[in-house]
Amino acid sequence: MAVGVVAVEGQEDRQYGGRTTAFVVLSCMTAGMGGVIFGYDIGIAGGVSSMDPFLRKFFPDVHRRMAGDTRVSNYCKFDSQLLTAFTSSLYVAGLLTTFLASRVTSGRGRRASMFLGGAAFLAGAAVGGASVNIYMVILGRVLLGVGLGFANQAVPLYLSEMAPARLRGAFSNGFQLSVGIGALAANVINFGTEKIAGGWGWRVSLALAGVPAALLTAGAVFLPETPSSLVQQGKDQADVARLLQRIRGAGVDVNDELDGIVAAHAAAAGEERDGLRMLIFERRYRPQLVMAVAIPFFQQVTGINAIAFYAPVLLRTIGMGESASLLSAVVTGVVGVGSTLASMAAVDRFGRRTLFLAGGAQMLAAQVLIGAIMAAELHDSGGVGKGWAGLLIFLIAVYVAGFGWSWGPLGWLVPSEIFPLEVRAAGQGVTVAVSFAFTVVVAQAFLSMLCHMRAGIFFFFAAWLAAMTAFVYLLLPETKGVPIEQVARVWREHWFWSRVVGAEPDDDAAGAGGGKL
């Protein structure tokens, strides 16, 4: 979810008006298809990777181990670099696409990136469903990754810029809700297709990514561009005002909001055009740069993607059958969606920091308990008792719930609402790139780490959860309810970042100097 932060003189405490119109809700629901595809791609990989026909066709070594090779430890049955390459190739492609997508999103608008992302998703779904060898399977994942590079760049920005300021958290958390719905849909579909006689159900699972992809592609043709993007592209302000009126509702005075967007753009227009260079090297953007790197990094080292990618694989590791493991993944998917809905209801009431801290503590406790049970009950051969397996599923659900109402949605929301217009697209690009980079690392390393670290891997993730919760407590200011063009002031008022940013001589005279932090 993404955004801007120029403080405009005289508007520091102003709240813009506007209703939650059907127009903006429908626009954001359509854009949210990008999140559905993201979640679907995460969930579908782990599911098909646990299906015997898929393993037999593309990963025969793994299938042989699962079929009863007692020489291989429970923790190592899925340890295959080729299998993890199938999972992580999507995110490598997304990482490489991100900075191209940043330029498209900034220069051509949010809709253009969403359209390109949807088209790449369609191609990837078609190739994946029709695969006859491992090269086609990985090519399909690469094409899906290109789609993610564009969609994850544009959709969070779109949602943040369309949402009313007082409800920006709820609207932006809609991206994570979409991710959760996509992952849940993938788990349900995997559970159903695993039962198809003939062993070709995995083709249906991979190909059905084309449904939300088609909705995103078609929707991007008809969606309106965001007002901020139109101003950035130099469109007529009268046209932007009419669009704002449609977004905020008939009879609402949109002049203040338009003035804030125009002022932010005017300040940005006087800057050099290399937003990425500015973000990296100029001191005034140091807090945003730190958050753009730290938040997506921490989001990945929670261990959530290890659970999301490999939940069915992990459950088969502890001795559950193929169908039972897929059903359990459905249950945790339902929990994830429900907890994200709770986050949408709570984030604009209790604030970002409260959810971060409470969710972090919940996830930390669950990870420690999962690790302790695995260490005590799961050995190199045999499974765990049904009671312990049930408790592990419960703890995974507790963990997923904590992520679903804290680091899941907020990991996208907070970075999206902290960048001034002149570095907004570049900042979102950094956020997405860091997220993809560490997603690749986790996806590629998890099965090998599980093999070598055994249950210790869960304590590894727990240590990071403790560190990131402390980071939020000490260094993340609250941005609840602050209009997007005015978020700059929270850094100047923070106990630590005020020492880094300081007060520039022309701040008062130039309305925060166009976001000069």
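Glycine residues also receive a Cβ, built from the backbone N, Cα and C atoms like all the rest.
Annotated transmembrane segment per TrEMBL: 21-40 (among others), in sequence order. With a cut-off of 8 Å between Cβ atoms, the residues of this chain six or more beyond the transmembrane segment (21-40) that come close are 110, 114, 117-118, 121, 144, 147-148, 151-152, 154-155, 158-159, 162-164, 171, 174-186, 208-209, 212-213, 215-216, 219-220, 223-224, 246-249.
Taken from TrEMBL, the feature domain 'Major facilitator superfamily (MFS) profile' applies to 27-480.
Remote same-chain partners of the transmembrane segment (82-102), defined as residues 6 or more beyond its termini with a Cβ less than 8 Å from a stretch Cβ, comprise 41, 45-46, 49, 58-59, 62, 113, 116-117, 134, 137-138, 141-146, 148-150, 152-154, 276, 309, 425-426, 428-429, 432-433, 436-437, 439-440, 443-448. Among the features that TrEMBL reports, transmembrane segment is placed at 82-102 (among others).
Positions annotated as transmembrane segment by TrEMBL: 114-136 (among others).
According to TrEMBL, the transmembrane segment annotation covers 142-159 (among others). For the transmembrane segment (142-159), the list of distant contacts is 1-3, 28, 31-32, 34-35, 37-38, 41, 89-98, 100-102, 104-105, 110-114, 116-121, 123-125, 127-128, 171-172, 174-175, 209, 213, 216, 223, 226, 229, 412, 416, 424-425, 428-429, 432, 435-436: same-chain residues at least six beyond its ends, Cβ to Cβ under 8 Å.
Tertiary neighbourhood of the transmembrane segment (171-192): same-chain residues 1, 28-29, 32-44, 47-48, 51, 155-156, 159-160, 162-164, 201, 204-205, 208, 212, 308, 312, 323, 326-327, 329-330, 332-334, 336-337, 340-341, 343-344, 347, 404, 408-413, 416-417, selected by CB-CB distance under 8 Å and a gap of 6+ residues from either end. The annotation transmembrane segment is assigned in TrEMBL to 171-192 (among others).
Feature annotation from TrEMBL assigns transmembrane segment to 204-223 (among others).
Taken from TrEMBL, the feature transmembrane segment applies to 289-311 (among others).
Residues or ranges marked as transmembrane segment by TrEMBL: 323-347 (among others).
Marked as transmembrane segment by TrEMBL: 354-376 (among others).
Annotated transmembrane segment per TrEMBL: 388-408 (among others), in sequence order.
Under the heading transmembrane segment, TrEMBL lists 429-450 (among others).
What TrEMBL lists as transmembrane segment is 456-476 (among others).
Listed as Cβ neighbours of the transmembrane segment (114-136) (distance under 8 Å, sequence separation of 6 or more from its ends, same chain) are residues 31, 33-34, 37, 58, 82, 86, 101, 104, 142-151, 154-155, 158, 203-204, 206-210, 212-221, 223.
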